[in-house]
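Participant: Structure incoming, see below.
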Amino acid sequence: MKKIECIIMDWAGTAVDYGCFAPVAAFIKAFAGKGLTIDVEQTRKPMGLPKIQHIRELLTMPEVNEQFINRYRRAWTEEDVVELNHLFEKYLFASLKEYTDPIPGVIPTLEKLRAEGLKIGSTTGYTREMMDVVLPEAQAKGYRVDYCATPNLLPAGRPAPYMIFENLTKLAVPDPDTVVKVGDTIADIQEGVHAKVWSVGVVLGSNEMALTEEETHALPAAELENRIAEVKQRMLAAGASYVIRSIEELPALIQLINSKLNH
């Protein structure tokens, strides 16, 4: 009888850092350091990609590209990308520890699944050096994974599937049908689709919702439901197998997937 053997979790916006805020401020400050203005919506759009690729995507946006040309009288180059990445890393490392609190519900949910024998892997848009900060902080707060793959040591990060493949190899999981990838960005969903695993989006606490926990609780019920529905649609349009409101719904979803695997 086939059943789900492995959950692969994203990090910021899925497991820790409610609303995925750590990278946002660092990107905005980095671009400001080069005299360029980007807003929160632009900053969040490529979220989930490797951070250096995220910078390329921001520079490619027509309004940002135009700003760059107007300011520097030339097209941007890979040297500019590297310079922006250095600035981004400087600002991110200065605040990263503050953004490692596990999202409510994550620890009990994942521990319940682990107790049932599931392996817990993870992928991220953060580099290994960034995860060297995040992993011990999250673990000290009660959240741990069995493996963490980072994009900088592989042929490509998201939306390519290599980080998932590395998890499957390291955790000895041979069948992608028995794997659920959980994430909060469009890049997360695409990563799962490309790896041919069950790709699940989670809405509350996500980059796509772009709200703090306090802002989420303060929203009128009807507006909250509308926002959740919008995010769900975006995730399904990107190819999500399922979308759940919060991580607490994951065990029930796994039961549903298990029943489908055996019909």
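Cβ coordinates are placed from backbone N, Cα and C, and glycine is handled just like the others.
Annotations for this protein, taken from Swiss-Prot, read as follows:
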type	residues	note
ACT_SITE	Asp10	active site, nucleophile
BINDING	Asp10, Ala12, Asp184	Mg(2+) binding site
ACT_SITE	Lys51	active site, schiff-base intermediate with substrate
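I would like each feature placed in context: is it buried or exposed, what are its neighbours, and how far apart are things?
Facilitator: Sequence-distant neighbours of Asp10 (active site, nucleophile) (same chain, 6+ residues apart, CB-CB distance under 8 A): Gly48, Ser122, Thr123, Thr124, Lys181, Val182, Gly183, Asp184, Thr185, Asp188.
DSSP assigns Ala12 (Mg(2+) binding site) to a strand. On its own chain, Ala12 (Mg(2+) binding site) has Cys20, Ala22, Pro23, Tyr99, Thr124, Gly125, Tyr126, Asn207 as residues at least 6 apart in sequence with a Cβ closer than 8 Å to its own Cβ.
All protein chains shown were included, and the count of other CB atoms within 10 Å of the CB of Lys51 (active site, schiff-base intermediate with substrate) stands at 25.
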Participant: Around the C-beta of Asp184 (Mg(2+) binding site), how many further C-beta atoms are within 10 angstroms, looking at every protein chain?
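Facilitator: Neighbour count, Cβ to Cβ under the 10 Å cut-off: 31.
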Participant: Can you list, in sequence order, the residues of the same chain other than Asp10, Ala12, Asp184 whose CB lies within 8 Å of the CB centroid of the Mg(2+) site?
Facilitator: Trp11, Gly13, Thr14, Ala15, Asp17, Cys20, Met47, Gly48, Thr124, Gly183, Thr185, Asp188, Ser206, Asn207
